[in-house]
Structures are given as C-alpha cells and as structure tokens.
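Presented below is the structure to which this report refers.
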Amino acid sequence: MRGWWRLSWSAARPKALDSGRFLSMFPSHCSLWLGSRWSIIQSPLAEEYLREEKPRGSAGGLYSFRDYILEDNPSHIFLLNCDVCCSFPLAEMLDAHKIYGGMGTVLVIKVSAESAHQFGELVADPITKELLHYTEKPETFVSELINCGVYVFTPAIFAAIQDVFMQRRGKAELRRVTSFEALQSATKSIPADYVRLDQDILSPLAGKKELYTYETLDFWEQIKTPGMSLKCSALYLHQFRYTSTHLLASGNDTKRASITGDVYIHPSAKVHPTAKIGPNVSISANARIGAGARLISCIILDDVEILENAVVIHAIVGWKSSIGKWSRVQGGGDYNAKLGVTILGESVAVEDEVVVINSIVLPNKTLNGSVQEEIIL
C-alpha cells in the first residue's frame, strides 16, 4: 500500500526540498504530497498522513484524494515522483505552463540514445514544446527526450482521470465475456479504478494540445539503488555552491576540521579539529566526529558517533549508530550495484578495529568482527 504525506505551509513558493510524491501548489498556499521515504528541509510544515486503501496506480491514487487536494481551490498542482533527484525548477515550469495554456507540463531532459529506453521516451514540437508522442520504456528507440517524473497540472487533470474510469467501466458493461475470460480477468485485468499517469493519461493525450514539455539543462538522476542516494547527495551539495553557499562548511582556521570539497555540517554536530572531512559529506544533527577521523563521500545521520581515527568512505550511517576507534566502514563506490556502498541501519554499533566493506547492516546490530559483501539481518 502507498502512503501519502500532506504537508502545508503559507508561502508563495517552496524553499529547498527533497524529492517527494505529490505537490499541489497555488499562489497563496502550498500542499505537498510526499512518499514516506522523503521529507522537506528548511520549511515550516504542518504534516498529515494519508493512506490508500488499495493500490490505485500513480494517477488513480491522486484521484482518490481529489477532494482533499482541491479543498483550497488550487489553480495548479505539481506532481513529483519520489525516486528522482534534480534541481526541481518548479517556478520556471509554472511560468512556462501558464504560457503554454494546456492542462499539463512535463519536465524533460535529454539523455544518451543508449540509456533512453530505460525511461519514458517522448517527442515534442521543437517550437511550441507540445507533447506529440509518449511511450513508456519502448523496445525500440524513439527519442533522446525522457520524462523526468515532475509535472504541473491544472485541476482539469482529475476530469481526464475520471474519463479513463468511465471508459473502462463502459467497455466492461458492453462486452460479454466467456467464463474462461472471466476467470482470467480476475487475476490479470487492470481494475477500472487503477490508472497509471504515464500509459493511461500521457500517451492518450499526446498530440491533442493538452500537454507540453519543459526541458531542464540541469542535473537529473533516478534513484533505484541505495547507493544512488550518495550520488544525489553529492549533486545537491554541489548545487549549494550556487544556491546556498552558507550551508557549506569551510575549514579556514586551525580550530576547525580540515574540509575538502563540498561538505554540509549541521550546526549542532561536533567535529574534532583534527578530523578530515570531504569531499561529498553530509553530517546531520548532534553527530559527534572524533579526533583523526576521515570521512569521504558519506551521509552521517542524526546522533551518530564516530570515534578516534575511524574511516568512513562511500557509506550511509544510520541514526544513533556508533563506529569504534580505528574501525573502517567502506563501500566500493559503485552506486548502481546492490552492495556498491555500505549502509548501517539505525542503532548499529561497530566496535573498535572492525572493518565493514560493501555490506548492509540492519538496525540494532553489534559488529565485533569484520565483514565483507554481506547483508547482516
């Protein structure tokens, strides 16, 4: 079952945000619909959690909460897939969408012809930017333009989803089936209220002057493995150079740790001056980094303690975990591999002089011996 977070704040535009499931946004008020794996940062939010009673598809799930979404009479609705990482140019998309005058605008990006088949490929008019053709993960090459999983719609999207419901129900009522077909449909057919945004909405409406595209020239990645979280963290830290330089740490004096590259350190974290941090490191609230520790390409979550001379490379260290003296927690750095990075779950204790390589450790475990390429349950 899919869960939905509804988060709202009174602001004309959102500040910094992580990728989420659904966002509805309008001039004086914003409501954000998120998958439970993601959160908003640097925004005062009121949270509500909604849960689907059953799977309804990406568009069907949105439709099931239509009354809730429309209760404040939004002029536009943003939809954000939870498994993408990008700069989310929402303001620019909205401006372009208003000029196009259609029902929806899709964020797109150009990729190599070799990788395009892994995504939804589309063809757009080079002048008007109208979406002319859309195919989800085609077997043959269609275009270098792909769907980024970020959309802006008018409330008319709900009428389009309802039309799919009505068409399916009408066909079901008109068509007589044999007993064998009825048995097969019970296990294989798509329910009338299960609507996919890509195949059931985008493809049929392409070329009807309802959908348009906005191309981003910035970064974009799809998050399909745990290791991609590290790559995406590096992309966002790099973006801070241009958008939020005050968030990046510096080590310009002897009282601070040595900083290399892009590094974020929460103000409440304590880092020993002899530690060396970076590049591509994020240290969260109340973390404690000991003397001589070395951190490279890693995410350190809240309340983590890393003791003297420990090394953490290509790893994600979960909340309240601890890494002992002279221990080494390291991944190979292959972000697409199943065990390409090392992940410690919540409250994992790695004792002194223990080496953990390319492994995933579930929460509340204590490691008193070295492990390599293992999943510790």
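Each position is counted from 1, following the chain as shown.
Cβ coordinates are placed from backbone N, Cα and C, and glycine is handled just like the others.
Note that the coordinates shown come from a computational prediction; the quantities given were computed from them, not determined experimentally.
Annotation comment: TrEMBL describes 45-173 as domain 'Nucleotidyl transferase'. The annotation domain 'Mannose-1-phosphate guanyltransferase C-terminal' is assigned in TrEMBL to 259-376.
Under DSSP, residues within the domain 'Nucleotidyl transferase' (45-173) fall into helix, strand and coil as 44 helix, 42 strand, 43 coil.
Mean model confidence for the domain 'Nucleotidyl transferase' (45-173) is a pLDDT of 88. Per-class residue totals from DSSP over the domain 'Mannose-1-phosphate guanyltransferase C-terminal' (259-376), listed helix then strand then coil: 0 helix, 50 strand, 68 coil.
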